[in-house]
């Protein structure tokens, strides 16, 4: 586990080449075919050398859910077990990790810092404006909430700001139980936040050089996709989509995509700091791979 751009995929591939692991992607965007550059998906050569399960399994028009992931991941884990190998779950969609390991029963607890921030914004702009913003990130919840219902708007927005997942995605998870497996939680993150921020900016600029705009343009030109679909709401894709529709100019698109990616990383780190029984590794360490391999061998892997 780790924030976006922390080096999870490279580490996972290295581990799978050294140990009897098979990788399962835990990423709500990599499931979609055609979302390659903007998700930093492993390339064809990497996928041939080390297979990744739950990558490229559905069309962007399909609203893939946490519930569907739970079922798919369980099936893949069982398949890997039959092969007498160990599943290596890799990604940054914290809700997916959460329902596998801890199950799901209640909504996330309130975060007073986030709540205060939302209240200050509402005092300045009004709850109707906050409702408009909610509609952009969680249209299902926004459709059920009156624009003047401050309490429900605040809670829905708070859940998203804290977890990076819309409230509506939680409301379909009450039936899921934690899987009956022992999880070894490894968290990869840099100690220096500025390192991650710089890496996020450099990575997005490299995506643009690698024809990310053309990738999104192909999706845009299909005609059957829209900005409310989970695939298109993915960080980076959402901003380029607005650029293609004329809502943003190029520099605004770039700035907002980088800022949104940094906010995503912040939300992911909020989840991770609360994660029980986790071993942290520093993304910046040059001997990272050997550190992780030694740790895993030391606990009997």
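Every residue gets a Cβ built from N, Cα and C, even glycine.
The ATP binding site annotation in Swiss-Prot covers 2, 3, 4, 5, 6, 7, 8, 9 and is backed by sequence analysis. Under DSSP, residue 9 (ATP binding site) is assigned to a helix (H, G or I) in the three-state scheme.
Annotation for residue 5 (ATP binding site): spatial neighbours 40, 196, 199, 200, 203, 261, 265, criterion Cβ-Cβ under 8 Å with sequence separation of six or more. Under the heading substrate binding site, Swiss-Prot lists 4, 5, 6, 7, 8, 9.
For the region 'Interaction with substrate tRNA' (27-30), the DSSP counts in helix, strand and coil order read 0 helix, 0 strand, 4 coil. What Swiss-Prot records for 27-30 (among others) is region 'Interaction with substrate tRNA', and it gives sequence analysis as the kind of evidence.
According to Swiss-Prot, the region 'Interaction with substrate tRNA' annotation covers 151-155 (among others). Across the region 'Interaction with substrate tRNA' (151-155), mean pLDDT in this model comes to 85.
DSSP assigns residue 93 (site 'Interaction with substrate tRNA') to coil in the three-state reduction, placing it in neither a helix nor a strand. Other C-beta atoms found within 10 angstroms of the C-beta of residue 93 (site 'Interaction with substrate tRNA') number 21, with every protein chain shown included. Marked as site 'Interaction with substrate tRNA' by Swiss-Prot: 93 (among others).
Residues or ranges marked as site 'Interaction with substrate tRNA' in Swiss-Prot (evidence: sequence analysis): 115 (among others). Secondary structure at residue 115 (site 'Interaction with substrate tRNA'), as computed by DSSP, is helix. Sequence-distant neighbours of residue 115 (site 'Interaction with substrate tRNA') (same chain, 6+ apart, CB under 8 A from its CB) are 154, 158.
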* If you count Cβ atoms within 10 Å of each one, which of the binding-site residues 3, 7 comes out on top? -> 3
* Structure fact -> DSSP tally for the region 'Interaction with substrate tRNA' (151-155), helix/strand/coil in that order, comes to 5 helix, 0 strand, 0 coil
* Could you round the CA separation between residue 9 (ATP binding site) and residue 93 (site 'Interaction with substrate tRNA') to a whole angstrom and send it over? => 13
* Asked: Rounded to an integer, what is the Cα-Cα distance in Å between residue 7 (ATP binding site) and residue 93 (site 'Interaction with substrate tRNA')?
  -> 15
* **Long-range neighbours of the region 'Interaction with substrate tRNA' (151-155), counting only residues six or more past its ends (CB under 8 A)** => 115, 118-119, 122, 127, 130-131, 134, 145, 167
* Sorted by position, what residues of the same chain at least six away from residue 4 (ATP binding site) have a C-beta under 8 A from it? -> 40, 92, 200, 235, 261, 264, 265, 268
